[in-house]
Amino acid sequence: MTLTRADIRGVVGIVPTPATSDAGSWRAENTVNTSETETMIEEVIGAGIEFVMSTGTFGECASLTHDEWLTFTKCIAKAVRGRVPFFAGVTTLNTRDTISRGRHAIQAGADGLFVGRPMWLPLDDEAIVRFYSDLAEALPGVPIVVYDNPAAFKGKISVEAYQKLADLPEIVATKHAGGPTLERDIEAVGDRVAVLPLDSDWYAAAKRFPELATACWSGNVACAPSPLAALSGAVLARDWDAAAAISEKVNWALAPQFGGDMSRFMDYSIPVGRARFRAAGLIDPGPSRPPYTDAPADMIAGGEETGRRWAQLEREYRNKR
């Protein structure tokens, strides 16, 4: 499947990595629940989500073994069966391992790659551009979604770096964290790279930039794919009234998990995400993997309440499909 920037339209659904019941222990091996993964992919694609993306932060790229990562990547590719594009997360601590993992992902059946930069030390603009340029050189023609997460990667990608990254044809999109830099970054890359806002920010960004904000990312498709597919339909049709109404519900669902403190949420986003998926009830996510297994009780409660709200929205919009 050949993908370009023009193909990036709709919801890029980022999925968790379902775990076996013993996955919370360091003694566990082969912790990917493949049958639950297959169920999850069917739910997501069946609802109308346009893209599948794996192994980001709450997808536990950092805490899967290589063999587990490969098992999961192969399982998704097999379950997707070419129905939608699949971007496999391949972030590692260095360039060469990321390239190697990228090659394995494409061989396993992924259509493109979801790539964060190494973060043991922060990378400046020159190093960020060189890292992605090296990937593009090593994997020519392979579509890349940049992972721009300031909390995880020790800094925000600058406008100047984005403008240089946009010259690489392999880079088709970037997963953006939102905030005050969103509009600036959309304007900086124009139609060369799809800047993906959060699902909760997509309506506002698309109304402001209807030709440019053609897609969003969502970490909630394994909670409630149906309302997110409805949001996609409304935004792409430029039915702004409908999009605004759905967006308001999305923000309502998400509010409890943040607890009014986004930085604190980011510190515990993996176990909080597990609580969210578990309470939503669409899939059985299993436990999170060490060392990211625990969070304060109030954070877990917030994740569970968000999951329950997503379950309510899924019931509402599933009946409208």
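Every residue, even glycine, has its Cβ placed from backbone N, Cα and C.
Where the annotation comes from TrEMBL, it is an automatic prediction and has not been curated.
Positions annotated as active site, proton donor/acceptor by TrEMBL: Y147. According to TrEMBL, the feature active site, schiff-base intermediate with substrate maps to K175.
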CB within-chain contacts under 8 A for K175 (active site, schiff-base intermediate with substrate), separation at least 6: V12, I14, G56, F114, V145, V146, Y147, D148, N149, L196, W217
Other CB atoms within 10 A, centred on the residue listed as 'active site, proton donor/acceptor': 25
